[in-house]
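These come from TrEMBL:
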TRANSMEM  6-28  transmembrane segment
DOMAIN    20-61  domain 'Cardiolipin synthase N-terminal'
TRANSMEM  40-60  transmembrane segment
């Protein structure tokens, strides 16, 4: 398959969606004080595993805290 055979009009939205998702996961990971696991590992997962990496960070890696009422 050459570059001319690829239907870029169909792939472009998915590519844009991936980059938006990956960048937002990266920003969230960097800003997050604590994560479930080392940050360097999550950054590798976010960019190393397309689509699954950023989604898995938001589901598994992002540590959520319950706010206590005072």
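Cβ atoms here come from the backbone N, Cα and C positions, even for glycine.
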Quick test of the contact rule: Cβ under 8 Å, at least six residues beyond the ends. What residues does that give for the transmembrane segment (6-28)?
43, 46-47, 50-51, 53-55, 57-58, 62
Suppose you look only at the domain 'Cardiolipin synthase N-terminal' (20-61); what would the mean pLDDT be?
85
